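Undergrad: This is the feature table in Swiss-Prot:
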type	residues	note
TOPO_DOM	26-215	topological domain 'Extracellular'
DISULFID	29-114	disulfide bond
DISULFID	68-164	disulfide bond
CARBOHYD	90	N-linked glycosylation site
CARBOHYD	97	N-linked glycosylation site
CARBOHYD	145	N-linked glycosylation site
CARBOHYD	196	N-linked glycosylation site
CARBOHYD	207	N-linked glycosylation site
TRANSMEM	216-238	transmembrane segment
TOPO_DOM	239-274	topological domain 'Cytoplasmic'
């Protein structure tokens, strides 16, 4: 019985080990994003609508995969948020804004550190010159939310050379996400702020279709092989134990027959004595 339990436990641990790729986190830096991003809504409401925030915008955010621009964009966001933080540091009535911005700076700095740890040398980038532009709070934090959303889906599986080239006809002014004039609506999760921009969402979905298919294939293959290996181990174990079980059953039957014969012989002797 103990050997049987040992084999069962071994098979369970083997299955868990082989299924490990399925339970890993999808975003490599997702754990760096805290619930403090929910305070962006409050911050945007507190800032004047005509207030301008300087930011170096990376062209191609809506036409290239996220791994092409996220590393550059998060560094520029860190610089802009740090500059914004300094402007509120000495204003007593702006302590609430200061606290929110300070938390956002820490999140972005953690993301910068995470990207440096997972940087890929195989990505060939060819960006146009990045010029500093002025954005309203609504526009700036829409870009911020887009970047945070990208981190939740980002997975560095760039094993082969990947070219990130922005078309020469694309300019920041033509980027619909920057120039959008729709009402600013931020839900508890920053990713939902992009739903009203249907054209950008469609482009994003088409860009990631190929990558998502590859990711599903990469997860499905280990799962399939783990099932095959698990069934193979189970079959081998059953085949190994089957002769022993057969012999055990035969021995039990023989013992029962011997006992019956013994009882009959004993009764026969008692009857003869009587």
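Any Cβ shown, glycine's included, is placed from N, Cα and C.
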Undergrad: To the nearest whole angstrom, state the Cα distance for the pair residue 114 (disulfide bond) and residue 145 (N-linked glycosylation site).
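TA: Counting only the Cα atoms, the answer is 18 Å.
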Undergrad: Rounded to a whole angstrom, what is the C-alpha distance between residue 97 (N-linked glycosylation site) and residue 68 (disulfide bond)?
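TA: A Cα-Cα distance of 31 Å.
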Undergrad: Say we define neighbours as other CB atoms within 10 Å of the CB. Which of the disulfide-bonded residues 68, 114 has the fewest?
TA: 114
Undergrad: Between residue 68 (disulfide bond) and residue 145 (N-linked glycosylation site), how many Å separate their Cα atoms?
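TA: That separation, Cα to Cα, works out to 17 Å.
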